[in-house]
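What follows is a single structure, written as structure tokens, with notes after it.
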Amino acid sequence: EKIFCWSMEGDSDLQFLLSGADLLKVRSGSWKKTRFYKLQEDCKTMWHESKKALRPRQTFSVEDIECVRSGRQTEGLRKYTEEALETRAFSILFKGRRKNLDLVAASEEEAKHWVSGLQKIISNLNSLSQQQKTEHWIFNCLRKADINGDNKMSQEELKNFLKNINIEVDDDYVKLIFEVCDKSHCGFLELEEIKHFYEILTQREEIDVIYEEYAKTNGLMSAFNLLEFLSKEQKEEVDLAHAVQLIEKYELDEAEKQLMTKDGFLMYLHQPEGLIMKPSHKGVYQDMTQPLNHYFISSSHNTYLLEDQIKGPSSTEAYIRSLMKSCRCLELDVWDGSDGEPVIYHGYTLTSKILFKDVIKAIKEYAFKTSNYPVILSLETHCSVDQQKLMAQHMTTILEDALITKPLGDHMPMELPSPEELKGRFLVKGKRLNRLEALFLDEDTEEEEVVTEEEDSRDDDDEEDAQRNSSKKSKTLNLAKELSDIVIYCKSVKFHGFEHARNNQSFYEISSFKEGDAMKLAEKSANEYILHNEGKLSRIYPSGFRTDSSNYNPVPLWNAGCQIVALNFQTPCTEMDLNQGLFSQNGMCGYVLKPFFLRHRDSEFDPITLNRGPWLKHTEFRVMVISAQQLPKVNPKISSIVDPLVRVQIHGVPADMAEKETDYIVNNGFNPMWNSYFQFDLSVPKLALVRFVVEDYDAVSSNDFIGQCTIPFTSVQNGYRHVPLFNKNGDLLSSAGLFVHTMAVDAE
């Protein structure tokens, strides 16, 4: 408890949460029940009563909370509670697919205690070092193993504890380690003996070997010793002052501030300086002043869906989740609402409907919380002219000056503006009645252009609707001038081939490609596609037959320079891992500058044929997978221990695609060790992604996923590095990780 609560000791919010209080739990208009909630003494677990006979008491971990929002901000609270409850209402939103917890406190003051207290605890959790997280995780497991609660540990409890932390050992080993720690020979481990057991358990043999090689100053590391390690092993070009700074920053022993102990060294290896990704790449480090078409843009398809495309729920929460992951291009599939208000849903399906204006409000509130760079609103409009006018009205009144409604500057631009110029702004992608040049000419543009539903579906990604309703007669739709006028830099046009695009398509016109068509172009005409994408934006979307919201592989499209490669963010999968990996760099701002050979107008690069050029840089990438720490069980409710193995994958141009794997370790998810060495030969490292995947080996069926980490090859640090692991939903596994050694060597 001390790890989490020391900084909040005496805090009134914490004391309130520890005491607990009644809250009204809201699920629907007819389901509103009062339940007692309280924070348990570990300051990490929420307990609440349940009226179900089989589950009278339930708990959830604060670590599973994504965020806490005050007020009636969720759809459930807005729909099922009165506006008068605004100051008493709040919501707990969880990571992954778990449903929100919508609650109403007895008073405004109590609601503030709940929201503020939980937010403080979450902040404390996020600020813990890896070592502190490990200590607390082990502490909780020890407490669970102490069945009778006497703060002592019997030999049987010790064995149960080892199973809890994912280690299966035989009785002889348990007896041996117990006898080593039982100094008092009383048959139980007491406080100091448990502490000794903890030290034995958490000893990192692989770290000991590295440390002892460089700890040449009375068994400790001086700044000179640390500098030697940084230069020789980590391949860092740093000076003595940097080594001194690291010791001052991470050494835990106040008496050894001029020297680094083994604990301080381990602390350093768990910090940003010691992780796999270059610390400089965690912030915005790329040139953000180039035209939009020079960047890969994190993009979502069917953003409104939380699940499948046939009967899954639509939700404003889906937009919020995508934005909080720094998605910068959102899709809005808009249809006529029965009460005159346009709605968003997946047309001709059983997916639920949400109001267009509610979505725009949510987008405005959350668009720039994780990134200041522009958000593109990709409209798929199926509305009548009247409701199109309402769409335009809602966007202009809600988004106000943040909405781009005219070109920047006083003259007709010659290229798209940059992310830097568009910071904090919204761009609308959709149909436009006339060319942008008309804004700078003295001509009448009042007439309305007539387009057909059939044309519109081909231009954008509603082809799946056309496929599902091919028997329906295509009807004529008018485009409202009010909606047309706010389409400035992303006018949707149909793609008629590269030659036609070269001669007729303007820089502000964007074509959408179904995945199958885009994949063919990327494979058969890769260089032409690259040259097309050098000057214009392209948007790729999944096939309409992916009714389960599955995803296609985005890598071949990125290799061809496509910027807006839209994926179903609601679906955990390898493809989303790759997307998260690509956009993990550059401050996770949602924009990544394409390599120079994908943005040069005379580029001859072809990712398929790999013709010679400056993009070819033959590189040997050497990886040693050394060990893992605190891997979670695949199913915590099942007593089986994981048998972990690690796959190392390279995703990039076809010639660089590769995968190698370690052997599996039997019954040890706590501290398995492999020391497996691999080498990969890369041709185009600037397009390569490195993916570490940890699986639970299964001899009978397919392996079970445990965790993964994907990062751009250009962001990988050399040397001994810890690799954080993420679960299938893309959330960080707080205590788990890999320890590896990497080295990139120029092979030319």
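Just so it is clear, glycine is given a Cβ too, placed from its N, Cα and C backbone atoms.
Annotated active site per TrEMBL: His301 (among others), in sequence order.
Around His346 (active site), the same-chain residues at least 6 positions away in sequence with a Cβ under 8 Å from its Cβ are Asn302, Tyr304, Leu305, Gln309, Ile310, Ser314, Asp333. Taken from TrEMBL, the feature active site applies to His346 (among others).
Among the features that TrEMBL reports, Ca(2+) 3 binding site is placed at Asn302, Glu331, Asp333, Glu380.
Sequence annotations record features per position, and here TrEMBL assigns domain 'EF-hand' to 133-168 (among others). If you average pLDDT over the domain 'EF-hand' (133-168) in this model, you get 74.
Look at TrEMBL and you will find 169-204 (among others) tagged as domain 'EF-hand'. Residue counts of the domain 'EF-hand' (169-204) by helix, strand and coil are 22 helix, 1 strand, 13 coil (DSSP-based).
For Ser184, the entry in TrEMBL reads O-linked glycosylation site. The 10 Å shell around the Cβ of Ser184 (O-linked glycosylation site) contains 11 further Cβ atoms across the protein chains shown.
Counting every protein chain shown, the Cβ of Asp333 (Ca(2+) 3 binding site) has 26 other Cβ atoms within 10 Å. Geometry remark: Ser184 (O-linked glycosylation site) versus His301 (active site), CA distance 64 Å.
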